[in-house]
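Features as listed in TrEMBL:
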type	residues	note
REPEAT	71-105	repeat 'PPR'
REPEAT	133-167	repeat 'PPR'
REPEAT	195-225	repeat 'PPR'
REPEAT	226-260	repeat 'PPR'
REPEAT	288-322	repeat 'PPR'
REPEAT	447-481	repeat 'PPR'
Amino acid sequence: MATKLSIGLMPVRHKLKSFIGFVDVRNFPVCRNLSSNTNPLYICNARITRCSKLGDIVNARRVFDEIPHKNVVTWNCMISGYVRNGMIREAREVFDAVPGRNIVSWTAMLSGYAKCGMLEEARVLFEKIDNKNVVCWNSMISGYVRNGEIREARKLFEAMPVKDSVSWVTIIEGYCRYGLVSEAKKLFDRASKKSVLVYNAMLAGYAEMGYVDDSYELFVIMPQRDVASWTCMIKCFSNGGQVERARSLFQEMPEKDVVAWTTMMRAYLQNGRIADARELFNEMPHKDIVAWNSMIDGCIQNGRVEDALELFMQMPRRDTVSWNSVLQGYVQQDDMINACKFFEAMPQNDETSWNIMIAGYQSEKALVLYVHMLQSGFKPDQGTFTSVISVCGVLSVHGWGRAMHLYVIKIGYENDTMVMSSLVSMYSRCGFLKYAAAAFERITDRDIVAWNAMIVAQAYHGSAVDTLNLFSSMIRGGLEPDHVTFLGLLTACAHSGLVDESWKQFNSMKVNWNLTPKPEHYACIVDLLGRSGLLAEAFELVKQLPVDLSAHAWESLLSSCRVHENFELGEFVALKLLSIQPCNVGMYVLLSNIYASRGLWKEAAHIRAVLKQLQLKKELACSWI
């Protein structure tokens, strides 16, 4: 094995002597015009690597095929190129054809399987390696960690004959990633030789979980810190909303790189301090494209699209991320006209660009764009499927939804929780609760999004008992509900007239789960009370809401007033709504109808006259049928 490994490490002159003495590769089409003191095979190998890094795997393979006598480095470059571009089958074909594999060949193939989630194949390959080095072990452990198999990763970690810093970092980061910080800390304490990398892994774990105090205690006792240590601590303070402490630490840093500057700038952006972020951005001694993109994205996220566009125009160099950030800004502002123009002006689109545009439309245009995306040679990903399936639900186009479901299965996304959750919502909106339940049952790793999708589906189909049972199952599974969960519960209770249960769930939001009810939750309760004829209680509840947040609740109350013919309260509610939403045409029409139903024709005519004077027109109704 040592002899094979030495091929890629021999001095250049020895490789030239042995290789050029055998064949003059300067006659190859891809290696012409090389100087006499250049190693042609080295250049060709470098070109394979460079092309594959740029995603040009076709040219990488062309270079590979044109070399008549390849060394093991050449084969490894091609394997790595395929792996890098997610072409695992092609990588395996090259791997199987390698005449004299070395440990690099095995490790490259092993990493490829692990990155693609093909853990069984990776483990089979791992077991076949005779002389496993620490890199092989680390690659396999990393594969398990990346794919959520933390127990298998731990078993393999414990079986390692020799562990290096990367081994400890990988397993500690794995436990922290899945929220098992206490177990990560036990491993950290076990590490005999704690390098700065190991300290940084634990520090990052604390920071990710928001343990600011624990992070800082560890940071203080670190025997040695590098720039990454300081930067991680700054990020931790930022995530905890302690921007001033982050800035103080930033100023104390003995040396700062562009990542540290960018992290501090993001801290300001994350906490809505755009002016401070811009000032820091202007002070940066060196700005890379990540810094520019971070500043632009921060402006977009804070609704400052014009500022983002100004920065975009000043950029010395732009990449697809830069263009996508501004595109996202237009879409967030519902400015689809400029979004389309910007999209068409982009020098290069990627899947993210298409996904942003598709998500921007909640109409048939999204489906048309999806077809154009496929015709342009782009492959749909999680974001594409989620957006398109959502649109299918909004438009109630069950045929399209079924076709999307089949395509999801065909290309292997049926284990993606987000995609399957969108299918649950789509089937529910199209009226196929049985299909929604079947899609839900297929989700193996259900998160809060998946549970919410099914809870809301049952709620809107009027199954209060099934909705409450689902909620109980979710709690037993160890998940905590969020605002969407309770919106589904309250909707189900409202549809079934369960006043007592509705109040119970509403009160439990704050008491049991520390969730402050939002206006839509109040609106559900108001709707239920109104349907039940309890208008006085509904009126008292609406008055508790801030004026700028209560429009939907007032509308629910007004609807109940009409149903129960409480015209006095209805008149008061309608006038209140008009003070909140003076351009709400529907409220003028409803108030006019209330007056007309009581025979107050003069008042009804006055409201109609006001409507005409304001030049407001009621939109015509439409039907899907």
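Heads up, the Cβ atoms here are built off N, Cα and C, so glycines get one too.
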Per the Cβ under 8 Å criterion, with at least 6 residues separating them from its ends, the repeat 'PPR' (447-481) contacts 417-418, 420-422, 424-425, 427-428, 433, 436-437, 440, 487-489, 491-493, 495-496, 498, 501, 513, 515
I need to check the long-range neighbours of the repeat 'PPR' (226-260): which residues 6 or more away from its ends have a CB within less than 8 Å of a CB in the stretch? 196, 199-200, 203-204, 206-207, 210, 212, 215-216, 219, 266-268, 270-271, 273, 284, 286-288, 290-291
Model confidence over the repeat 'PPR' (226-260), as mean pLDDT, sits at 92
Helix, strand and coil counts within the repeat 'PPR' (447-481) (DSSP): 26 helix, 0 strand, 9 coil
Residue counts for the repeat 'PPR' (226-260) under DSSP, helix then strand then coil, are 26 helix, 0 strand, 9 coil
